[in-house]
Amino acid sequence: LYSSSLDGSIKLWDFMDGILIKTFTVGSKLLALYTPASFEDSVFVVVPKSGERDTFQLVSVKLTKAAGQDLEAKELSVILDSVNASPKCIAFGREGEYVASVNEVNLQVYFFKRKQLNRFSLSAAKTKSGNNHFMCIACHPTEDCIATGHADGKIRLWRNFHHKKEYTFSTLHWHHDAVMDLAFSVQGTSLLSGGVESVIVLWRNESEHQRDFLPRLGSAIEYISVSPDGTLCCTLHTDNRITIINSNLRFSRSIQGLIKSTNVKTGLVVDPRTKALVLNGEPGHLQFYCLQSDQQLFSLDIVQRQYIHQAGLNQTDLVKVAFSAQGEWLATVEEREEVTDPELQLKLWFYDEETQSFKLNTRISMPHEDHITDMCFRYMDEVEDESLILVTTGSDCVFKVWAMVEDTDPEGKYAQQSVSWSCDFVGSYHNYQATNCCFSEDGSLLAVSFEETVTVWDSLTWDLKCTFCYSPGKIRNICFGRLTCSKYLIGATDHGFLCCWNLLSCALEWSAYLNVVVLQPDPLSEHIAAISWLSKDSSLFVFKPNEPRPIYIQRNFCKEKIQLAAFVPREEPETVGSAKYLWLRRSQLFFLTATQELITLSTKSLEERLTPSSKQLAVEESLPVTPFSLLLGKHRRHQSQEDIDLGKRVVCNKPEQDSPAVKELLHTPAHVLPSASFLCPVFINSLLISKENTSAEEVADAVEMESEETEDDSDEERDVTEMEQEDTSPMELLGEITCKLSKSQEKELRKLRKMDYSWISAF
């Protein structure tokens, strides 16, 4: 197995054992790697062209067979110039006879034996169409045929390209938008294509009239790959999904972790009921993502409209989401950009215990006259009732309070819920835009930021209590302290200041110069996480509002800009060895980067996290009933019976609880598991008997001594039975047979064997 990295090295691995065999240093940034089977001692890489920006070359690298592990690859030769770095823009032809690549305007074909380069191009005048840029390429496995996909939705099949002027091409057309990728079948009898329509098209015999479809695959298709035996093909989608399809174009299965959305506008929210991360999923949907299993629990259709894949079309999008404290209510905001005014809808959903899903309770059209900037429920630890309220802030310079009211229309559509939501109060401050809102821990105070000013309101009377201002800069984030720090209010400005105000004295407690882009409080402690963006790195600062000095700092922990963060409560408090990680004991902090990568902080290394659980490896008892399991069960029972008959004792150290390692290995997706070379030693060590505790003989003796009292009565009964059996067959005593001791006699002999006779040496 070959791998390339951006540091300019090519590594050769034994992928069965996970052992690194050799490392070849190329000395240039490697963007793509190709290993055609017909080239045994060479690989091909895409590297930046020296001295030119955004220009790349396809280079052949000859791998030396010299001894040693770290070698330098000196024999480099440029094959193609001005190539696209994407893997789907370069393909090798029949038996490695040629290599072809496409950029936006050109098709290049290089023949290795003749060392000949042919270049072809398409112009709008020739094709009688507009945007016909090359998007992808695929080469026929057995014939001299090249398929190219284009931005106008057409597929062109090139032949006779050995000649620069006498080439020909035919056209296949079904896609209404750009063709994202192409792949020939193993025999070359069919061609697969995919694009933004989320449909796999199977073209047979290169004919436009012989084609089959597999629609509704979820999202735009980005890559297509065919298995070496031709029985399966898989598609990679823009939403981070892999779909496996049978050769007869039947759906097989889907591999889906965290859905990659076009833009995460809802933020990173935690569902109080399932502890799942909730954020944008498929267009118009909310995804509930389980962190433990790396799987999607379910997807909730909020917009309830068909999504149309068409560039430039304004479609309804999900922009805000909020849960009540107990997770009984869900509030969502959907928005559609219009030329003049946005189209807004506020929806409130109630969780139905019978159906185990959210049901729509209230729909409010145009809750604000402009964009909704923030939304939150009032925290209520007790049972949620009519005192529950929702606050929304908008760019229309007001914040609105929404409260539950009795349903006055028993014949209405939602009469079965008996309650609905309506506006209870509208507040503003000097006609400034309302940007953020949050409630205090006990729900008695509401903080709303209006550009550069933070206002604090009484949540019962809606009286304005006080205002805070820290110029210059608009307020970017605000949050209240919790528990012992509930008297503090924290705010961050877009001019790089972090401020802490005391609600009792109505004065600034402290401030720090820090460009905070994310401010996230822990719901189970006093800690607050502040993530800053400085130069080209993200840094993490964890602090308590009553202490201006951070308790934890990790600078430059991520090269990307962190957009969102969330504290997720743990099922059980984690044992923390170091004092600096005490803030992670009850909650775990997750971050979402600009490229939608989900990362987290851990107090232990990977080996430390897996080793304790792997020591409890055991076969699960709840095995499925199959002929093999029944046969295995009979064999185990038979072996156990033989052990009892021979007087053997088997001591089993059963785990006190279910093994998490087994569940982790069996249920964790393969793409997030460590290598087999790492798991194998851990598993083998877990099978060894520890010498720290009592030895096996001592354990067996202890078990025997504990069972002596319980066996006395049963032994006496067995002795009487054995004496009766011996009396009934006295002729057996005349034969030369071995006398078999009873269990009580064997027990007495063991007692004598263990008795210490060293005292007799004194005589």
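In case you wondered, yes, glycine gets a Cβ from its N, Cα and C as well.
The feature repeat 'WD' is assigned by TrEMBL to 1-23, 172-203. What TrEMBL records for 268-595 is domain 'WD repeat-containing protein 75 second beta-propeller'. What TrEMBL records for 702-729 is compositional bias 'Acidic residues'. Among the features that TrEMBL reports, region 'Disordered' is placed at 702-734.
Using DSSP to sort the residues of the repeat 'WD' (172-203) gives these counts of helix, strand and coil: 0 helix, 18 strand, 14 coil. DSSP places the residues of the repeat 'WD' (1-23) in helix, strand and coil in these numbers: 0 helix, 14 strand, 9 coil. Sequence-distant neighbours of the repeat 'WD' (172-203) (same chain, 6+ residues past either end, Cβ-Cβ under 8 Å): 88, 135-143, 145, 147-157, 210-226, 228-230, 233, 235, 237, 245, 247, 249, 309-311.
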